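Data block below; observations after.
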Amino acid sequence: MAYDVVVIGGGPGGYVCAIKAAQLGLKTAVVEKRSTYGGTCVNVGCIPSKALLHASEMFAEASHGFDALGFTAGKPKLDLAGMMAHRQQTVDQNTKGLEFLFKKNKIDGLRGTGKILGKGKVAVTGEDGKVQEIETKNIVIATGSDVAGIPGVEVEFDEKVIVSSTGALELPKVPGHLVVVGGGVIGLELGSVWARLGAKVTVVEFLDTILGGMDGEVAKQFQRMLGKQDMDFKLGAKVTGVEKAKKGAKVTFEPVKGGDAQTLDADVVLVATGRRPYTEGLGCEEAGITLDERGRVKTDDHFRTSVEGIYAIGDVIVGPMLAHKGEDEGVALAEILAGQAGHVNYDVIPSVVYTSPEVASVGKTEEELKKAGVEYTAGKFPFSANARARAMLKTDGFVKVLADKKTDRVLGVHIVGYGAGEMIHEAAVLMEFGGSSEDLARTCHAHPTMSESVKEAAMATFFKPIHM
Ligand code: FAD
């Protein structure tokens with residue numbers, strides 16, 4: 001059977017590309033080595049982490065009590081196995097949903113490890129070792145990413161005491177002390193889950209700030225908020241060793257600026273120092289597919305690799321390692337393969353940290369604008385001045401809108417606070433259409449909503465907000 005498109009990897013990049021290609025009338029197959037579709041995101045990433053984030057947030061809210069809202073509820077009792085069952089059920093619902101969508105769109109699912117044999121040829125090795133060779137007009141590499149270790153430090157993951165994000169999603173009990181190496185999104189999200197469930201959490205981060213690359217003011221405020229939730233931070237700290245001890249493990253680090261080494265005793269260490277593109281066993285070298293200096297598959301702006309008819313999308317290529325970035329690339333590539341004009345606007349990719357409260361941003365940060373010498377105006381509005389936030393006791397945080405000083409075009413929006421991950425999308429839509437902060441400020445927002453703070457922050461870029 002010859003295909004129009006064979007996608008290697010059934011994660012958000014790959015499965016979305018396959019569904020769109022099939023919808024556009026292309027004969028499509030997906031090669032996936034896991035037993036379920038959905039890739040890192042659905043199986044061990046976005047989805048299980050959000051299930052635990054939500055459940056642990058509810059637990060923490062109930063633990064702190066509802067007296068301020070005028071009622072009492074009994075002290076909650078943690079049923080960790082039950083919480084993990086909720087996590088797994090959420091994952092299962094999503095993987096089953098994908099099976100259904102594959103059937104509905106008549107996509108052939110080929111279980112096994114895919115290897116590119118050259119232009120138009122893929123070998124699929126099943127679990128039983130049997131090899132099937134398939135022919136196709138186009139090959140899409142969507143093999144994603146895998147856990148990266150700590151540069152220069154040997155880390156032996158046993159996924160019990162020294163864990164990656166995958167192990168941190170299924171700890172059998174709440175650790176007394178969890179040390180998180182890496183203050184990025186994944187470390188903070190999972191660290192905050194276990195902190196809410198009762199662990200003491202210490203985050204050790206190389207940079208002087210958490211969430212490196214996010215707007216500096218947002219990152220600082222966010223660190224203060226996490227500090228109030230009993231998360232401790234060692235910033236500017238270079239981890240030099242992670243070793244198992246008689247009981248638990250030891251993490252050794254030294255100040256980046258110089259000074260004495262320190263050691264932390266941990267029950268569990270979560271190493272969350274980033275992810276690396278995954279191309280093992282794919283046959284890139286033999287097929288003549290060029291990788292860049294960081295091991296990513298090199299592509300042009302139409303997702304073409306160095307070999308004609310072979311394309312790549314998602315975590316395995318350059319760009320933010322985010323599920324929705326891969327999904328949008330999947331759609332754009334399927335459209336290109338079907339003879340249409342697919343395109344991704346990399347300037348408007350929202351990014352969300354799903355902690356409590358959330359952090360969300362789209363577009364440029366103040367630091368990036370300063371570095372690029374762009375003149376801008378900044379408007380800020382705190383949730384403490386928002387009526388809905390007061391009614392819900394969710395007044396921590398603010399919205400910041402950055403607009404071009406001359407044209408008023410919105411260049412970036414950054415939000416830290418309850419519901420930030422939903423609110424950010426009005427900014428994304430506005431930016432996609434090249435809107436100005438005055439457009440945002442003059443758009444009628446329902447009252448009382450948290451989103452009114454976005455409107456008021458936009459007002460503050462060119463005049464004054466009303467409620468402050
Ligand atoms: P992947 O999802 O990694 O999928 C690649 C698939 O290819 C895998 O299933 C793999 O088994 C398969 N594969 C690899 N090689 C082969 C081969 N040779 N043959 C057959 N199959 C192969 N992103 C967000 O946007 N939002 C979040 O909230 C979020 N949370 C995250 C939380 C955690 C804990 C982690 C680890 C990641 C999170 N991410 C999040 C990142 C997100 O998971 C990735 O950006 C996304 O999964 C990348 O999609 P992908 O399709 O490129 O690759």
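In case you wondered, yes, glycine gets a Cβ from its N, Cα and C as well.
Unlike curated entries, TrEMBL annotations are predicted automatically.
Here is what TrEMBL says about this protein:
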- 3-330: domain 'FAD/NAD(P)-binding' (DOMAIN)
- Cys41-Cys46: disulfide bond (DISULFID)
- Lys50, Gly114, Thr143, Gly144, Ser145, Asp315, Met321, Leu322, Ala323, His324: FAD binding site (BINDING)
- Gly182, Gly183, Gly184, Val185, Ile186, Gly187, Leu188, Glu189, Glu205, Gly274: NAD(+) binding site (BINDING)
- 349-458: domain 'Pyridine nucleotide-disulphide oxidoreductase dimerisation' (DOMAIN)
- His447: active site, proton acceptor (ACT_SITE)
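Annotated features, which come from TrEMBL, shown on the structure.
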| residue | record | Cβ within 10 Å |
| --- | --- | --- |
| Cys41 | disulfide bond | 24 |
| Cys46 | disulfide bond | 20 |
| Lys50 | FAD binding site | 15 |
| Thr143 | FAD binding site | 31 |
| Ser145 | FAD binding site | 22 |
| Gly184 | NAD(+) binding site | 21 |
| Ile186 | NAD(+) binding site | 22 |
| Glu205 | NAD(+) binding site | 27 |
| Ala323 | FAD binding site | 22 |
| His447 | active site, proton acceptor | 10 |
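Counted over all residue pairs in Lys50, Gly114, Thr143, Gly144, Ser145, Asp315, Met321, Leu322, Ala323, His324, the record's binders of FAD, the longest Cα to Cα distance measures 30 angstrom. Summarised as a single figure, the pLDDT of the domain 'Pyridine nucleotide-disulphide oxidoreductase dimerisation' (349-458) averages 98. For Met321 (FAD binding site), the spatially nearest entry among the binding-site residues Gly184, Leu188, Glu205 is Gly184, judged by CA separation. Ligand 1 lies under 6 Å from the Cβ of the following recorded positions, listed in sequence order from Ile186, Ala323, His447: Ile186, Ala323. Sparsest Cβ environment among the binding-site residues Leu188, Met321 (other Cβ atoms counted within 10 Å): Met321. A straight line from the CA of Glu205 (NAD(+) binding site) to the CA of Thr143 (FAD binding site) spans 28 Å. Neighbours of Gly182 (NAD(+) binding site), defined as other CB atoms within 10 A of its CB across all chains, total 25. Binding-site extent for NAD(+): residues Gly182, Gly183, Gly184, Val185, Ile186, Gly187, Leu188, Glu189, Glu205, Gly274, maximum pairwise Cα distance 14 Å (rounded to the nearest whole number). The NAD(+) site, placed at the center of the C-beta atoms of Gly182, Gly183, Gly184, Val185, Ile186, Gly187, Leu188, Glu189, Glu205, Gly274, has further neighbours from the same chain whose C-beta lies within 8 angstroms: Val180, Gly191, Val203, Ile210, Leu211, Ala272, Thr273.
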